[in-house]
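The GTP binding site annotation in TrEMBL covers 70-77, 135-139, 189-192. The annotation domain 'Tr-type G' is assigned in TrEMBL to 61-242.
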Amino acid sequence: MRLPAGRGWWRGRALAAWVPGAAGPAPPPPLPGPPGARALDRLYSSAARQEKVDMSRFPAENIRNFSIIAHVDHGKSTLADRLLELTGTIDKTKNNKQVLDKLQVERERGITVKAQTASLFYNREGKEYLLNLIDTPGHVDFSYEVSRSLSACQGVLLVVDANEGIQAQTVANFFLAFEAQLSVIPVINKIDLKNADPERVVKQIEKVFDIPSDECIKISAKLGTNVESVLQAVIERIPPPKVHRNSPLRALVFDSTFDQYRGVIANVALFDGVVAKGDKIVSAHTQKTYEVNEVGVLNPNEQPTHKLYAGQVGYLIAGMKDVTEAQIGDTLYLHKQPVEPLPGFKSAKPMVFAGMYPVDQSEYNNLKSAIEKLTLNDSSVTVHRDSSLALGAGWRLGFLGLLHMEVFNQRLEQEYNASVILTTPTVPYKAVLSSAKLIKEYREKEITIINPAQFPEKSKVSEYLEPVVLGTIITPDEYTGKIMMLCQARRAVQKNMVFIDQNRVMLKYLLPLNEIVVDFYDSLKSLSSGYASFDYEDAGYQTAELVKMDILLNGNFVEELVTIVHKDKAHTVGKAICERLKDSLPRQLFEIAIQAAIGSRIIARETVKAYRKNVLAKCYGGDITRKMKLLKRQAEGKKKLRKIGNIEVPKDAFIKVLKTQTDK
C-alpha cells in the first residue's frame, strides 16, 4: 500500500474525521514538510498531547521512595506489575508480564538486567501519595545496579520465594540495604504454589536477618493476593525523604540512557530544591552549564511535568549531546548556586576482563560509538584501548561477571547491530616488583596486569597476587558433600558452615576468582540438581604461584595465546589449548608441532600431521630398497620445508581458540 505524501498525512486524516462539537480537543493541523522522521513527529506530538502533572501537590511527607530487591526469579518484576495495576498506573490486562523489563535481552532471558523506575500515584484515606518504585535485577553480576538504586530510596521490599526460601542473593541484597540503613519490609511471595511453605520461610528470615515474624507480608504477586497490604506497609513503615525544598537544587544522577534524537536522558533523585524547564543547571563533575529542556516522571513511560521537587525521582533532559557528559553519581545544581556535591557512588570493580574486537577493522569507529553509548547506560563496564597482532585494534573491557559480559555482548548486537569477537575472559592479577629499574619505569611497586601478554618474568617479581572472592553457597544438605569436593578442586578454603533450617546449609568459602569465572556456577547447578544458589563478593588479593604459559608453533611464540595459570593447573589448561589449536589449524605440507611451555619447559604437545603425497604409487612391486629411497627423499624434503615454511595462523583459528567456550 502506498502512503499519502507529506509528513502530516495522518494528522490530515484525523482532522477530516473530526467534526466540530465532537468530544475532546481537535487534533493539531497537518504540518507541511518533507516525508521524513514520521516516527519522531509522532513521538513529539504524543508527548505534547500528554497532560502535564502538577508535582507540587505531593508534599515531602507524602512521598515514599523504595526498591524491590530479591534473588533471581523470586517475583520482583511480577510484584512491580501488580503494584502498577493497583495504583492505576497501567491497565489491568492479561498481557501485563514484567512490564518494566523493557530490553529485548530481558524479555528473551526472562531476567531483569537494568533497574527501572516508575512513579505511582496512590490514594489512601483521602491523602494522595507519590510512591517511587525501582525494580532491580536479582543476579549477582548486576549488584552494582542494586546498590545504585538504593541510593535514591529510603526503604526496600525484600521479596523471598515461599517455595525456595532464602537464597544467596537474598542475603547479599539484604546486607546492601542494611548497610545503607534503609527500612526493610520482608515480603513472602508465591504462596499460591503447591509446595509453598511460608511458615518455614518466616522462620528462616527471623533466624538469618533477625526480623520479627509478624513483620512479614505473605502474598501471591501472580494472582494479586494480599498485594494491597504491601502498599499500606510501604506508606506506614518506610519514612518519607528528609529534604529541603527551599534550599538550592541538589540532584543525584543515578542512571542515564542515550536517545539518538534528544541526547542524554538522566534519571535523577532530588535531595534539595526544585528544578523546572528552562532552568540553567551545572554538572559538578564537568562544570558545564546546560538548559533544562524537559523534566518529568516515569509512569512507567516518560510523562513530562512542570517541575520536580525535592524528594521526588524523575528524569531530566538538558541537551547533553555527548555520552561522556552524564556521569552516573554526578550532582546537578542551579547555575550560580553551587552546592556541596553528593557523595555519589564508589565505582564498580570489574571482576572479569575480555578483549573485544570488531570482526572487520572497517567497523572500528561504529563499534567505538556503540560501546560509548552502551557504557553510558551500563556504567559498571570499564574500557581500555587494546590491540592485537592477529585481531587488530580493539578494547579490553572489564565486567562484573560472566553473565554481565554475555548480556553486554547481546545488547551490542541487538541494540546497535554490531558483531564482535570476544576473547576468553581473564581476571586482573597483581605483581609486586623487586627490581628498582622496573619500579621506576612503572612508577609503583605493585602493578595490575589485565592483559596476560604484559605479565612480568619471575626474576623481576618478589610475589604474584591473584584476586579472591568470598563466596556464599546456600544448598539443601544432601548435596553438601559433592559441593565441598567441587570447592576443594577449585582451590577454595572453607570459612564457615551454618544450618539455616532443618535441611538447608549456608557455606562460606574463600575462592580464587579465576577458578569460578568460567564454569563454576554451571558445575554447582548440575551437582545440586539446580537447587544450590551462589553469590560472591570481592575479598581482595592473595599470594599465588602463578606462571605465564606460552604457546609455540614449530618453536615460534604466538603472542595472542599467552595465558596466566596457577602452577597446579598448568598441564590441564595447556593440554586443552593445544587440543583446540589442533582442531582449528589447517594442515600444511609439513608437520606442525603445537606446544605449551612454561619458560623453557614443554608441558603439553599436539601434532598436526602433514599432507602427504603417496610417492610409492608408481612402484608396483620391485625391491624394498627402491621404496625406502623414495620415502627417505620425501622425508628430507619435508624437513627442509619445515625449516623454511612459515605458519600463517588464520584469523578464524585465533577466534576459535580465543573465543569464550560456550560448549564447556
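One is the number of the first residue shown, and numbering goes on along the chain from there.
Cβ coordinates come from backbone N, Cα and C, glycine included.
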Exercise. Give me the non-local Cβ neighbours of Thr136 (GTP binding site): same chain, 6+ apart in sequence, Cβ-Cβ under 8 Å, ordered along the sequence.
Key: Ser67, Ile68, Ile69, Lys76, Thr112, Ala115, Phe142, Glu145, Val146, Ser149, Asn173
Practice problem: Show which residues of the chain containing Asp73 (GTP binding site), separated from it by at least 6 in sequence, have their CB under 8 Å from its CB. | Solution: Gly110, Ile111, Gly138, Asp161
Self-check item: Residue among binding-site residues Lys76, His139 with least C-beta crowding, 10 angstrom cut-off
Solution: His139
Quiz item: Looking at the binding-site residues Ala70, Ile191, which one has the fewest other Cβ atoms within 10 Å of its own Cβ?
Solution: Ile191
Quiz item: Over the domain 'Tr-type G' (61-242), what is the model's average pLDDT?
Solution: 82
